[in-house]
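One structure below.
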C-alpha cells in the first residue's frame, strides 16, 4: 500500500487535458511531451535572438583563440575561420521548422526520423554528454565566483588554508566557490523552458557589456595589443588542414544547439519567430572570439603571458592593480560572467537533460524534475577532476561533434525531403504496426545506417587527437573536418536510402491517400479530423473554418495562411 502511494505521488502529470486520470496520448507521453498548447507558445523572435546571441558569451567560446593559435594560425585566419564556421552553424534554422509548426520537443521530434524506439539511443547520447558538460560549465562559472569573492574579501579569501589533498584537484576556497555557484544555479532548475525567454534577454544585455568593458580596459591600460601570440606558424597544405580544424572548433560549440533547438522552437508560434536566432548566432560567436583575441593579446603584451582563461587574467590584474576601483570593476565583470555561464549551462545542458529524462521516463519525469536531477548530478561528476586531470576525456567529449552531426543531418533530410514537412502527431505516441514512426519494430534502420556512416567516416581520428602519432595524419585530418564530413555523409546516405526505400508518411489503413504536398498537415498542427485525441484548440480551428487534412485537404484560406506565416 505504501509503495503504491509513493509511486502514485511520483507520477508525472500525464496530460494537459486530464481525462479520468489517464493520459490522452498514452504511456509514451506526459504533460511536457504533448504538443505545446497555445497558452505556452510565448517565445517571440526577440527571445530567440537573445537566446542564441547570449549563448556564445561563455568561457568555451572566449577560449577558442587559444587552441587555434596553438596550431599555428594567425589572428586574421582565426577571424576568417570564426565567420566561416559560424555561417555553417546557421544550418540550425533548418532543424527548427518542424518543431515550431508541430510544437514538439527533441525527444518526440527524434521519433519522426529514428522511430519511436530508435529515438531512445539518440536521446541517451545527448543526455550523457550534457551531464558531463553541465559539470564542467558549472566549474568554469565557479572560477569566476572565486575571483568575485577575492574582490570582496581580499587576502582573507586567498589565505583560506587548504585542507584538501592535492589529488582532490581543487582547493578548499575553490570548493567553497563551487558550492556557492551551485547554490546560485540550483534555483534555475525550476524554470520551465517555456518561461525562460526573459532570462536570455537579461544575459544578452549584461554579458556583452562585461566582456567588452574588460577588453576596452585592457586595451587602454596596456597600450594596445600584440597579436603575434602563435608560437609557430604553418603554411601550404598544413595551413589548409588547420584552417578546417579551426572551422570544426568554431562549430563544435553550436552543434548541441542544432539538436537542442527543438526543445525551445516548440514554444514559438511559427518558423519566422525563430529566424532572428540566425542573426544572434552570426553576430555573437565571431564577436566573442575577437574579444577573446584582443583581451588576451593586450594582457600578453603587459604580463608576458597569454592568459586565455579570463579568471587567470583577472587574477594577474588584481595582483598588480589592487585597489577599490579595480576590485569593483573586476567584481562586476566576474560576477556577471559567472551568471552568464550559468545561463548558458541552463540552455545548453540543463534544459536538454530535463527534456531527455522526460522522454526516457515519461511516467515519472517532467522537464523540471529532470532539470532538478541534472543539477544534483553535477556533484558526482566531479568536474574539477575532469578539467584539471583528464584532458583526454574532454577531448573524447569533444568528439560528440562526430556522433551528433549525422543525427542533425538525418532530421533535416527526413523533414524537408522524405516527408515534405508532413507529420502526423498522434502517431508519434503509438508504438504499433501501421504507425509511420514504428518502421521496423520501432526503429528506422535508414537513420541508423546513415548515422553509422557519418560516424565511421571520422571516428578513427579520435585516438590521434588524444594521443598524437598513434594513428596516421590523414585520419587525424579527416577527424578535424568532422562536422562537414559527418553531416554531409549522414545526409547523403539517408537521402539515398529514402529514395530507394521511401518512408511511410501517414498511418496504414486510414489516411495513406491524403495529400503529401509541402506541409499539408500544418493547418491542423499534425492532426486529422477523425483523430482521437484531438486538442481543444485544434477543434476550435476546425470550428472557425480552417479545413483540416483528412477531409479534402487545405482550404484556399488555409494555403494562404500557411504561405503568409511560413
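Each Cβ is built from the backbone N, Cα and C atoms, and glycine gets one as well.
Keep in mind that TrEMBL annotations are predicted by a computer and have not been checked by a curator.
Here the structure is a predicted model, which means the values were calculated and not measured.
Annotated features, as they stand in TrEMBL:
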TRANSMEM  43-62  transmembrane segment
TRANSMEM  69-94  transmembrane segment
TRANSMEM  114-135  transmembrane segment
TRANSMEM  200-220  transmembrane segment
TRANSMEM  240-262  transmembrane segment
TRANSMEM  274-300  transmembrane segment
TRANSMEM  328-346  transmembrane segment
TRANSMEM  367-387  transmembrane segment
TRANSMEM  393-417  transmembrane segment
TRANSMEM  448-466  transmembrane segment
TRANSMEM  478-497  transmembrane segment
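Of the ranges 114-135, 240-262, 274-300, 328-346, the one with the most Cβ pairs under 8 Å to the transmembrane segment (367-387) is 114-135. Using a cut-off of 8 Å between Cβ atoms, the transmembrane segment (274-300) and the transmembrane segment (328-346) share fewer than three residue pairs, counting only pairs 6 or more apart in sequence. Simply put, out of 43-62, 114-135, 240-262, 328-346, 478-497, 328-346 has the most Cβ pairs sitting under 8 Å from the transmembrane segment (200-220). Annotation: stretch 240-262 has the most Cβ pairs under 8 Å to the transmembrane segment (43-62), among 114-135, 240-262, 478-497. The stretch from 114-135, 240-262, 328-346 that makes the most Cβ contacts under 8 Å with the transmembrane segment (69-94) is 240-262.
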